[in-house]
Amino acid sequence: MQNFSHNTSNIVVFSLSGFNATVYRVTLFSLTLLSYCVILVINVSLILTITLDENLHEPMYICLCNLFINELYGTAGFYPKFAFDLLSDVHVISYIGCLLQIFVIYSYLLVDYSALALMAYDRYVAICRPLEYHSVMSVRRTAVLVALSWLVPLCCAIISVTLTSTLQLCGSHIEKLYCENWAIVKLACSSTKAIDIFGLIVMTFYIGHFLFILGSYVQLVKSALKSREGRRKFTQTCVPHLLCLFNVSASLLFDVMYSRYGSAAVPQSVNNFMAIQFLLIPAIVNPIIYGEHSRLVLRDV
């Protein structure tokens, strides 16, 4: 694993040191397997419910289905490898496997925010412009917006991983439980200016998503306060979305702060939890938040 070189072609595998402080691995493996099974069952059940029930073939539920599919996609890039490593004595990942894991997790996070922005727009039109809802949020337009919510993040992830793959690396030691883009960049002994600039552009773009969502909800709150029916719609369909947004944003913020400013004084077990909670908590909590509401049919929008 000590493949230190100024040429990335000599980095065959990366070592994952986050497992060094892991204890009770069999117990953790059992909990991990249980968590992943719960994620699969809940998300697949909701996807099938929305797909098979014609009453739920509405833009709102199409957006929800998109969110649940993304949860399955993102967790598939982490849980199988993590579970295998818990039972293994050697914690390594191949160079190509590392880049693939970065691509999946990175694109998963971006798709999540794109999906939340799309859902905020859908609720804004439904509550603030109800008479225009079916013309603005037609099935065709919704399908195009859902496709864009995947296409743009996937393109961003491809460019990011491509830039990372061109870096010359001076080490192969990753201080996490999985591969993460910033962890690879910290190993570089060549210029990282290009990936830093691109990362800043992407961050600015998705901060724009966050501000768009907040702006939409300011308008939603103003509209909802005008009538009892508006307050009912807001409570039924918007409060769960706000909880979901807070859940994802808080989880991601913890991970970013840990990746860049993590302290050696913090126990490794705490660091490990902070590193994986954005892959664990949203995937379980978000479907539960929406579970009750996915049965409601918005006949009056």
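Cβ coordinates come from backbone N, Cα and C, glycine included.
Unlike curated entries, TrEMBL annotations are predicted automatically.
If you check TrEMBL, you get these features:
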{"type": "DOMAIN", "residues": "42-290", "note": "domain 'G-protein coupled receptors family 1 profile'"}
{"type": "TRANSMEM", "residues": "26-48", "note": "transmembrane segment"}
{"type": "TRANSMEM", "residues": "60-80", "note": "transmembrane segment"}
{"type": "TRANSMEM", "residues": "92-121", "note": "transmembrane segment"}
{"type": "TRANSMEM", "residues": "142-163", "note": "transmembrane segment"}
{"type": "TRANSMEM", "residues": "197-218", "note": "transmembrane segment"}
{"type": "TRANSMEM", "residues": "239-258", "note": "transmembrane segment"}
{"type": "TRANSMEM", "residues": "270-290", "note": "transmembrane segment"}
Listed stretch, out of 26-48, 60-80, 92-121, 142-163, that has the most CB pairs under 8 angstroms to the transmembrane segment (197-218): 92-121
Result, the transmembrane segment (60-80) in contact with the transmembrane segment (142-163) (3+ CB pairs under 8 Å): yes
Chain residues in Cβ proximity to the transmembrane segment (60-80) (below 8 Å; excluding those fewer than six residues from its ends, i.e. six or more beyond): 32, 35-36, 39-40, 43-44, 46-47, 50-51, 100-101, 104-105, 108-109, 111-112, 115-116, 118-119, 122-123, 126, 139, 142-143, 146, 149, 178, 237, 244, 276, 279, 282-283, 286-287, 290, 294, 298
